[in-house]
Amino acid sequence: WVANSLDFNKDYDASVFETTIRVVGGLLSAYDLSRDNVFLEKARDIADRLLPAWDTTTGIPYNVINLARGNAHNPGWAGGQSILADSGTEQLEFIALSQRTGDPKYQEKVEKVIVALNKTFPADGLLPIYINPDTATGSYSTITFGAMGDSFYEYLLKAWIQGNKTSSLKLYREMWETSMKGLLSLIRRSTPSSFAYICEKNGDSLTDKMDELACFAPGMLALGSSGYGPDEAKKFLSLAEELAWTCYSFYQSTPTKLAGENYFFNPGQDMTVGTSWNILRPETVESLFYLWRLTGNKTYQEWGWNIFQAFEKNSRIESGYVGLKDVNTGVKDNKMQSFFLAETLKYLYLLFSPPTVIPLDEWVFNTEAHPLRIVNRNDANLAALEGQHKPVIKIRSRKTGRLGGN
């Protein structure tokens, strides 16, 4: 079907981010697992259709592109801005494509983004969710490890892992470690039960809200902890375990034992569901998978099994699985997101598989859970793009301007 029927020449406005992580990532992963060139050819076809999105003043991409015509723009609701996660979550796929094809153009496009963001990278490593594609600076907007922020931070770490942690990738690791200092500044603990959670930030004020999407962070922290010295490694792994317990409790705190979309924390009340739907998201089981692999603690398998059983009980229907309109009542919706197969079930499968199945020292998962082979990088491309490398940690913080009329 891929060889004979898959056609990307569609008059269709596609999300550059979603198409990259699901389609380019999926095809590249299929290639890495099978070595069948048909998947690599198709990955290149769709990537070439996405490339014009990066043709901006700074190289920060527009987030929507027509697959047939190649005209790119940002979504109207974003006020002309590019979205942080949508602009900083193509590195793994496009670097892998350059590695597999020998054509550097894909890698150059996505690494220019990181270099541009690094030029004004704040001291706490936390970027707002809206970035101006003409100036590469943040607009006054929310800082979050949830929706529209999340995978930017994940890819800083994973691009370093993807290149086998060589010195040519140190910029990624340095930026990631800077961002993790920022993450620590967003950690609060609830009362009375002392659940650790990651706040969102607006200006100088913190909001006691955490998305289920941010539940990728425990897995990311665990995965990145080994790159630190012993004391820091222990601190970040411990935080990862605390946050994983909070995320598991998102599930356990509802009548269906499935998590809502986000949670609010109020003094004396611990956590309460905010937006109460569940669309079969994978982030918590993703973190359980990493923690199980990295600690060997079977508790994470038990938690994963309980979440799986809740999906079986509440979401399983004759033709597949559906989300819930409300995790309190169990009322179903009528859609199975593709990430339920790509991520949620895959991470659950791997949670109960031997560690030799997709070992973490040979593979890195993209943000849609497609495994890509780790390949040594000794190229000087990133250093050349960067020019004179300046320290990542800046003494003065960046000034951000408000979006006009917003």
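Heads up, the Cβ atoms here are built off N, Cα and C, so glycines get one too.
Record features, source TrEMBL:
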- Glu18: active site, proton donor (ACT_SITE)
- Asp150: active site (ACT_SITE)
- Glu261: active site, proton donor (ACT_SITE)
- Glu283: active site (ACT_SITE)
- Thr367: Ca(2+) binding site (BINDING)
- Cys215-Cys247: disulfide bond (DISULFID)
From the Cα of Cys247 (disulfide bond) across to the Cα of Glu261 (active site, proton donor), what is the distance in angstrom?
11
Please report the number of other Cβ atoms within 10 Å of the Cβ of Glu18 (active site, proton donor).
15
Alpha-carbon spacing, Thr367 (Ca(2+) binding site) to Asp150 (active site), which is rounded to whole Å:
10
Spatially closest candidate among Glu18, Asp150, Cys215, the listed recorded positions, to Glu283 (active site) (Cα to Cα):
Cys215
Which of these recorded positions is closest to Glu18 (active site, proton donor) if you go by CA atoms: Asp150, Cys215, Cys247?
Asp150
Under 8 Å Cβ-Cβ from Cys247 (disulfide bond), six or more apart in the same chain: what's there?
Glu212, Cys215, Pro218, Ala259, Glu283, Thr284, Ser287
